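As recorded in TrEMBL:
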DOMAIN    20-271  domain 'Protein kinase'
BINDING   Lys49  ATP binding site
DOMAIN    290-329  domain 'UBA'
REGION    339-543  region 'Disordered'
COMPBIAS  348-357  compositional bias 'Polar residues'
COMPBIAS  384-398  compositional bias 'Polar residues'
COMPBIAS  399-411  compositional bias 'Basic and acidic residues'
COMPBIAS  433-452  compositional bias 'Polar residues'
COMPBIAS  461-474  compositional bias 'Polar residues'
DOMAIN    627-676  domain 'KA1'
Amino acid sequence: MLRGRNSATSADEQPHIGNYRLLKTIGKGNFAKVKLARHILTGKEVAVKIIDKTQLNSSSLQKLFREVRIMKVLNHPNIVKLFEVIETEKTLYLVMEYASGGEVFDYLVAHGRMKEKEARAKFRQIVSAVQYCHQKFIVHRDLKAENLLLDADMNIKIADFGFSNEFTFGNKLDTFCGSPPYAAPELFQGKKYDGPEVDVWSLGVILYTLVSGSLPFDGQNLKELRERVLRGKYRIPFYMSTDCENLLKKFLILNPSKRGTLEQIMKDRWMNVGHEDDELKPYVEPLPDYKDPRRTELMVSMGYTREEIQDSLVGQRYNEVMATYLLLGYKSSELEGDTITLKPRPSTDLTNSSAPSPSHKVQRSVSANPKQRRFSDQAGPAIPTSNSYSKKTQSNNAENKRPEEDRESGRKASSTAKVPASPLPGLERKKTTPTPSTNSVLSTSTNRSRNSPLLERASLGQASIQNGKDSTAPQRVPVASPSAHNISSSGGAPDRTNFPRGVSSRSTFHAGQLRQVRDQQNLPYGVTPASPSGNSQGRRGASGSIFSKFTSKFVRRPHVVGSGGNDKEKEEFREAKPRSLRFTWSMKTTSSMEPNEMMREIRKVLDANSCQSELHEKYMLLCMHGTPGHENFVQWEMEVCKLPRLSLNGVRFKRISGTSMAFKNIASKIANELKL
């Protein structure tokens with residue numbers, strides 16, 4: 001039976017797949033991209049990982065389906081949840097929980113190292129989730145700060161199971177997986193391993209990074225990094241507690257057989273400081289709630305039948321029915337007494353012509369019982385926590401909590417669905433706070449010691465994304481998943497090469513690339529070798545060869561005065577004011593000058609540094625420097641914004657493409673030359 005559908009609106013012209021309206025790209029890789037999308041029936045925001053199957057060989061396809069199979073059996077509050085699997089002849093769509101708080105990596109870049117109390121809260125969640133995987137005989141093999149996301153409430157969400165695998169004690173694995181700074185010594189030695197012990201080592205690196213804001217092992221190239229990992233020596237910062245130091249010694253042990261198990265780690269003194277009455281214990285997955293009457297009634301009112309709801313849930317179909325039920329996953333007590341206004345189930349013509357109606361072919365062996373939990377939707381307009389179930393966009397109060405995108409979390413290659421040509425009416429313009437880019441990399445080399453704070457060592461400051469309130473200004477959709485960065489007033493490039501995102505030294509490797517890793521060992525970290533294969537997640541889109549091509553990738557922008565358009569548009573442009581945003585800034589890039597004067601000064605400095613620029617909005621410039629196709633090529637935004645609660649304006653820098661080093665070099669130079 002065909003379900004009712006609301007009358008068509010301009011929003012129906014937006015690209016969509018199944019019941020999801022695709023909003024913007026938040027991550028991009030070799031063979032996949034990740035889009036922020038909105039579930040049409042509930043208004044919930046999700047991350048849709050779009051994988052081009054035609055670009056994958058049989059081995060990569062096998063790994064892809066293994067990733068899907070593993071994600072289906074994982075139901076832990078600190079692991080990104082899979083909602084739906086949609087498959088067409090050429091494309092696979094994975095609909096996942098959207099972690100609106102961004103990456104832990106970006107949080108560290110923006111805020112520096114965590115105090116041990118804060119690090120403990122995050123690390124308890126990480127250990128709980130990884131131990132849960134291990135008790136299900138699943139090893140992640142790519143644990144790093146870039147794969148640790150934050151939801152709107154700043155809870156951990158572990159993402160990217162592209163390199164995960166099932167393990168059996170006694171049957172050794174031999175694939176070299178992981179980012180080199182987080183990789184266990186036995187991986188560098190090419191030794192076989194059981195599985196959990198390599199995750200335990202990576203967790204030690206993560207703990208050190210949270211508490212110190214830097215990596216325990218680094219180097220200017222892979223050879224140097226390998227030597228330091230194999231020595232197993234790292235510096236203990238003076239501010240690190242003895243209990244934390246002792247815990248690290250249980251993780252970072254060269255002999256894998258002597259590393260602590262996560263069950264032992266859970267009982268460690270440091271792990272339970274302040275939680276004496278709540279000692280960390282292995283997560284017990286609750287029985288699934290497949291008969292929540294409130295959600296069932298909601299879905300029946302949308303046009304679903306009780307039979308298909310039960311069949312989808314009990315059979316773990318991961319189809320549109322199961323996804324809708326999961327997305328309505330609030331506790332029953334929180335649903336009672338609500339006034340509910342949800343959209344009816346769309347008819348079968350909903351799927352965009354550019355993405356044919358999919359058939360659910362990937363429903364493979366599944367034994368998971370999805371835990372019903374409250375999925376954070378602070379960043380979304382529908383089903384707010386106030387329990388007013390209106391499809392209308394509503395303001396939220398999460399602007400202080402989130403960055404991003406991927407960024408599930410996801411990441412792998414090109415997509416058949418296109419970025420919408422115009423934003424959804426009423427789509428919220430987000431506030432900026434630290435952000436992810438779906439995956440990223442810890443920048444960690446300057447002329448300081450290895451354990452200097454990440455804020456000082458990172459090539460850039462805070463990452464951010466648009467994720468806030470409604471705005472009358474058209475929404476900007478970035479080319480890739482960019483990161484905004486605070487530019488230090490110190491300026492100048494560090495004399496040691498840093499760890500830019502997306503380069504070989506920070507990419508995840510697998511066995512097929514080990515020879516390439518060895519061949520590249522003497523390359524500095526800033527030198528990027530050939531792109532890894534499909535399972536590696538590239539972070540940013542390729543730069544265009546000409547500036548016009550670069551700017552054309554951005555979604556519809558307002559007319560510039562004098563460039564056409566009617567009088568009303570010109571008047572709106574003239575009256576536009578700088579946005580009031582929270583973003584990381586330095587004294588060098590703030591001023592009491594009028595915004596228009598600041599824009600003139602910015603243009604003058606850009607011209608003096610041979611940077612091309614184009615006005616995207618009245619107070620935003622799209623900038624480019626360097627030669628397209630070369631390592632020094634970088635694209636970024638510069639925007640004059642009002643600093644909240646201050647009578648000052650600031651200049652916000654946001655990298656769009658190019659390496660961290662190239663961006664830092666030109667952005668620091670510009671920041672230092674601005675006379676604001």
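Cβ coordinates are placed from backbone N, Cα and C, and glycine is handled just like the others.
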Feature contact check the domain 'KA1' (627-676) with the domain 'UBA' (290-329), CB under 8 Å, 3 or more pairs: no
DSSP residue counts for the domain 'KA1' (627-676), split into helix, strand and coil: 14 helix, 18 strand, 18 coil
Secondary structure composition of the domain 'UBA' (290-329) [DSSP: H/G/I, E/B, coil]: 27 helix, 0 strand, 13 coil
